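Taken verbatim from TrEMBL:
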ACT_SITE  A:C86  active site, nucleophile
ACT_SITE  A:H194  active site
ACT_SITE  A:E196  active site
Amino acid sequence: MKAAVIVFPGSNCDRDMAVALRAAGADVEMVWHKDAGLPRGIDLVAVPGGFSFGDYLRCGAIAAQSPVCRAVIDHVHKGGYALGVCNGFQVLTETGLLPGALMRNAGIRFVCKTVPLEVATTESDFTRSYAKGASLQIPVAHHDGNYFVDQPTLERLRVEDRIAFTYGDNPNGSTGDIAGVLSENRRVLGMMPHPERAVDAGHGGTDGRGLFDGLVGALVSA
Amino acid sequence: MKARVQVMLKTGVLDPQGEAIRHALGALGFDGVEGVRQGKVIELDLAETDAASAEAQVTEMCEKLLANTVIESYKIDLS
């Protein structure tokens, strides 16, 4: 399985993402934001966390207009996989590849802690290796993680089983306790918590491994 | 021409920063502030001299970048 990790000025979880993907068996290439295209044969594009372009204008808004994001949109439109974590989730909503928007946390403060996450659906290659309803311990670290969707969209996400993860104890005011959401074709996942920070027991937990193992396993056999 | 774009969170979208400002005003003794909404103002210097054309261009800028219309509304003033 070949993965590309996009690097923007201000990305700071790009190397963690590469380490997590490599540990699961993926070949990983780092791709700079000014690159107009993705390397050949990429199965998965990972958009990492951080503060791309200093969060200017809105989190993810400038990154979403970068040349490489046009290539990411094409990749997804052709049926490719994409994973956006934290700032990467914000970027994917700004591109329109995922519904909704990430707003300032309801409690105003930056939240940095490990939180319980519930696996809301196993019907995706990102979540297939977990048990439905399983509780995971995954770190969050964000100021703008308050996921907003309007009521009709929330209803649609529920009916289409596109909510991937929910918070056990909502840390940011997200609509419907949503921590991660899938695209219509279930090949794009955006989530605020950081699974790539939970793949090594020495760093406090390994509950994030299942996401990378499941994904790499699915794409290797595909 | 100059364009002044005002971007605000849509009515009905909770504005946590506005609420924090409201609380801070209350703590300073400013009573009777029943609501605060915070937004942003973006000023553009345009080469365009035709108002209708400028308005069309800035509207496109708002839709594509300056506002996130999932949560924000915008207002354009030209001068």
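In case you wondered, yes, glycine gets a Cβ from its N, Cα and C as well.
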Distant-in-sequence Cβ neighbours of A:C86 (active site, nucleophile), under 8 Å, six or more positions away: A:C13, A:P48, A:G49, A:G50, A:V140, A:A141, A:H142, A:G145, A:M191, A:M192, A:P193, A:H194
A:C86 (active site, nucleophile) - helix vs strand vs coil (DSSP): coil
Secondary structure of A:H194 (active site) (DSSP, helix/strand/coil): coil
Other CB atoms within 10 A, centred on A:H194 (active site): 23
